[in-house]
Amino acid sequence: MEPPDAPARTRGAPRLLLLAVLLAAHPDAQAEVHLSVPPLVEVMRGKSVILNCTPTGAHDHYVLEWFLTDRSGARPRLASAEMQGSELQVTMHDTRGRSPPYQLDSQGSLVLAEAQVGDERDYVCVVRAGAAGTAEATARLNVFAKPEATEVSPNKGTLSVMEDSAQEIATCNSRNGNPVPKITWYRNGQRLEVPVEMNPKGYMTSRTVREASGLLSLTSTLYLRLHKDDRDASFHCAAHYSLPKGRHGRLDSPTFHLTLHYPTEHVQFWLGSPSTPAGWVREGDTVQLLCRGDGSPSPEYTLFRLQDEREEVLNANFEGNLTLEGVTRGQSGTYGCRVEDYDAADDVQLSKTLELRVAYLDPLELSEGKVLSLPLNSSAVVNCSVHGLPTPALRWTKDSTPLGDGPMLSLSSITFDSNGTYICEASLPTVPVLRRTQNFTLLVQGLPELRAAEIEPKADGSWREGDEVTLICSTRGHPEPKLSWSQLGGSPAEPIPGRQGWVSSSLTLKVTSALSRDGISCEASNPHGNKRHVFHFGTVSPQTSQAGVAVMAVAVSVGLLLLVVAVFYCMRRKGGPGCRRRREKGTPPPGEPELSHSGSERPEQTGLLMGGASGGARGGSGGFRDEC
């Protein structure tokens, strides 16, 4: 009896047979091995790098090997690893003397610490998986190194622009880079497109050297045919180098200039010292004449002066300078400069001349002395003469006020206001810094001039005795007048501020009736005469009313005082305060004091004391009076 699943097994048998036939026809179908290896790896020199090699698929057992392809084509084995279960057994075979040595990590990747230029090779990873087959892949390692600073060595000689062929300009060096850098040349910042083939206009040569470290150094030499325009040109070179991931860098050298030899084409000759726009210099100044040719190197200069169409050589040097210290008017004339350049073209003018004009101004001379004395209301003419070059301009001033231009100064109908200092000024319009002055003092002789500060008028009788008043008199003249007053007490004469030549004196006094009659006078006098002024006051009123009021006030005060004394006296009488009669004449009653009047008493007092008794006598016929 067949088992229950027999039909099913019977139906699946043909399928298993077909699968077995297919596997027999393709024994590697289930064991095909693939590797994941980067074809190109880039690293900077000195950095670590890892070359990955990863088999694809699931393989329980395989052997991984790393080989190095050297320049001869041999493939020495560097390391191997065998997969046992889940662990990788690593074996290092040939480190090729590398330091630090090659290493394999736990994933079978090749590790290169501190990459060097010598590591730049093809590395082959081979994986053998037994029945699954064998696979290999190659990784290319490129190591980059930045070169050192670019150095340039210019030609320090003198290069002639008259050469028809290219001359060596400079040599540029870029050292210890990888891969080898590229050098380019620049003039005034613009790249020079020069070929490497030799030709008369310019070219460059290059030479590459591999250093012991494996790094590369490049040397480039530039050759150019030079022109005069290159005298101020700046040159430099630059090294262009490569970096990982397609990047690039550039290192520029310092700039440099060339020393060129070229003939003179133009000559300049000019006055280097301070001068006016018209070309004048002052007598006594230090003057410099400067000559310059545009040739290089600097040629020799001959500086001379033309005297009667003959050259008087003054100096010969390579600077082209001629200094004249303390130049005088006699050194005015024609000066020349000649450039001694024998390489210059025949049509080049190598000599230049200029005119040296020395300006001078002699001291001024006046027709009068330093002091001129003239009578009042007279006239005079003063002449100012001067010698100078260019022609001087003359101008007269007094107290900074212009009086006129020209050499002559006319003074007419002079007054005391004409006194003062007169200045003649000479100047050169084309040489503003050159000017001279001369002056004289005018003294006007004459009778004094007198001015009085008049008293303000008052109505008749308004001046009273004792009023105080200040009188002022002013005068001027030459010789200086003396001021005096008709009464003592005048102040000394003093100059008046702001009024040249004037002096004044003052007198302070009290008004009296005598002044009303005679007045007060001031007098100014000098050897030419005198002048007098009288001050009048008109009517002066006496102070009578004021005196009577004062006397009455004194009398009232004295009367009140006596009244108080009398009352006090009566109250001390033995009889009490009452009144009693007594005889006007005769002996007073016993016990009463006798009143007497001194002849020295003032009349006002006497009158006050006796007025009552005399009045009583006049009022009655008896010889008695009432007394308190």
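Numbering starts at 1 and runs along the chain as displayed.
Note: Cβ is positioned from N, Cα and C throughout, glycine not excepted.
Bear in mind that the values here come from a model prediction, so they are computed numbers and not experimental data.
Taken straight from TrEMBL:
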- 1-31: signal peptide (SIGNAL)
- 27-142: domain 'Ig-like' (DOMAIN)
- 147-239: domain 'Ig-like' (DOMAIN)
- 254-355: domain 'Ig-like' (DOMAIN)
- 363-441: domain 'Ig-like' (DOMAIN)
- 448-541: domain 'Ig-like' (DOMAIN)
- 549-571: transmembrane segment (TRANSMEM)
- 609-628: compositional bias 'Gly residues' (COMPBIAS)
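Counting residue by residue with DSSP, the domain 'Ig-like' (147-239) contains 5 helix, 50 strand, 38 coil.
Taken as a whole, the domain 'Ig-like' (448-541) shows an average pLDDT of 84 in this prediction. The residues of the domain 'Ig-like' (448-541), classed with DSSP into helix (H, G, I), strand (E, B) and coil, number 6 helix, 49 strand, 39 coil.
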